[in-house]
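Q: The structure's right below; bear with me while I get my questions together.
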Amino acid sequence: MKNINPTQTSAWQALQNHFDAMKEVTLAELFAKDADRFGKFSATFNDQMLVDYSKNRITEETLSKLLDLAKETDLAGAIKSMFSGEKINRTEDRAVLHVALRNRSNTPILVDGKDVMPEVNAVLEKMKKFSEAIISGEWKGYTGKPITDVVNIGIGGSDLGPFMVTEALRPYKNHLNMHFVSNVDGTHIAEVLKKVNPESTLFLVASKTFTTQETMTNAHSARDWFLKTAGDEKHVAKHFAALSTNAKAVGEFGIDTANMFEFWDWVGGRYSLWSAIGLSIILSVGYDNFVELLSGAHEMDKHFSTTPFEKNLPVLLALIGIWYNNFFGAETEAILPYDQYMHRFAAYFQQGNMESNGKYVDRNGNAVDYQTGPIIWGEPGTNGQHAFYQLIHQGTKLVPCDFIAPAITHNPLSDHHQKLLSNFFAQTEALAFGKSRDVVEQEFRDQGKDPAQLENVVPFKVFEGNRPTNSILLREITPFSLGALIALYEHKIFTQGAILNIFTFDQWGVELGKQLANRILPELGDNKEIASHDSSTNGLINRYKAWRG
């Protein structure tokens, strides 16, 4: 994987010049010039997904220059490096192989000369057997009752991915009730424990090291709660399993290491739902549906690693994102799923993107002088329309948006889905083409009103348009199509990081706060006044101590 400053390439300079010619061009003009624009700037994946990127402020020349940037920064080499098991996470000396976790072809993938696939398959088989015992009721709790509730205790990648997927795939869920606890705020675990019975609850403790502060604090609280009823510590083994690699700590906790599911240092947390961290997904929707999820992602992996860039969906979406981020100065991207089951999708890729590409140091260790990762946010439609779309339509900030929707709903109630999709289609049209002053005035005339008398209102009803969007239409949200969609975004993020010359797979930015919290925690153990920090931190700690009593 080469270290190339993108701004020093001839392609970047060409894009800068091209931007000067494009910045005033409107989407209305682009569509008026080309009746086949949709045909040229859209593509279908596996007859399951349509990606329409025609409502972007791009031309064929724009894409050509962006593709030149991908070539000049050796994106092809970066993709090959990742898929071949090279240690592209150099700051932690690790390979990056979430693609191996869903490698349904089972072709060998080597790390340090060793094929990782036998171990991947062994853990999958172990999860299959365990999940089947739980789901079937064969596995019994300490009083002989089958498991009814599963509580996943994890944080970050050990929580966001499994929670997002189990919510997205709720139509496929079985009888088990799923709960997720992440926050070290005791309220989170306390509220979940109110809902479950210790005799029929299984806790999954998801921590690679089995030392993560938030996760282990919650796990010990769950264990204490359980033992208040169960009494004997030997019963812990019937009600707790671990997603970890620290067999010693797992055993000391009281978990049978036969119920410890391993993953490897080449699995990054925010790319780990495909690993043992996905056990909660299997328990929710069954092993076969989990395999379908893996299969959908694997198909997207094949597309990403083998398709020429000009037809490569993750690459195209990544390049369009760079176009807005680095040339138009757009600071954010909104992810807007028109499906209530997908309500955690934006939050998941908020971590996926911002923890991956929120870096100001390049792969050479130098501070960058260009923009890297964007701010990611979003909510499901149509809720967002009644909240923040006002700013997207008429605000002063450029917010490129991804609209996502299924053609087929899992809940065909009355005409709900047609109304939902009519909004989906209308919003991208409105954002692209807006409403001119002439149209506003004509609407007033059609209502029998005199535009001249309404001069003070007309400007506020004008929509400039020219707001860019991608539309991703899925045939239906299934385990397969969801797997493909997640992998699409994963590879988009990797592509942008590769081109922008940053390390996408470390996350040193989360460390400093943790270090300082560990330093401050002992200071909160008494009521002595603190003077060891800056005046603000001292003031906050001392007021906290005064108020807590």
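Think of each number as a place in line: the chain as shown, counted from 1.
The backbone N, Cα and C atoms fix where each Cβ goes, glycine too.
Small disclaimer: the values here were computed from a predicted structure and weren't measured.
What Swiss-Prot shows for this protein is this:
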type: ACT_SITE; residues: E355; note: active site, proton donor
type: ACT_SITE; residues: H386; note: active site
type: ACT_SITE; residues: K514; note: active site
Q: Using other CB atoms within 10 angstroms as the count, which residue among the active-site residues E355, H386, K514 scores least?
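A: Among the active-site residues E355, H386, K514, the sparsest Cβ neighbourhood within 10 Å belongs to H386.
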Q: Please report the distance from the Cα of the residue listed as 'active site, proton donor' to the Cα of H386 (active site), rounded to the nearest angstrom.
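A: With distance taken Cα to Cα, H386 (active site) is 29 Å from the residue listed as 'active site, proton donor'.
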Q: What's the CA to CA span in angstrom from H386 (active site) over to K514 (active site)?
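A: One finds 37 Å between the Cα atoms of these residues.
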Q: Three-state secondary structure of K514 (active site) from DSSP?
A: helix
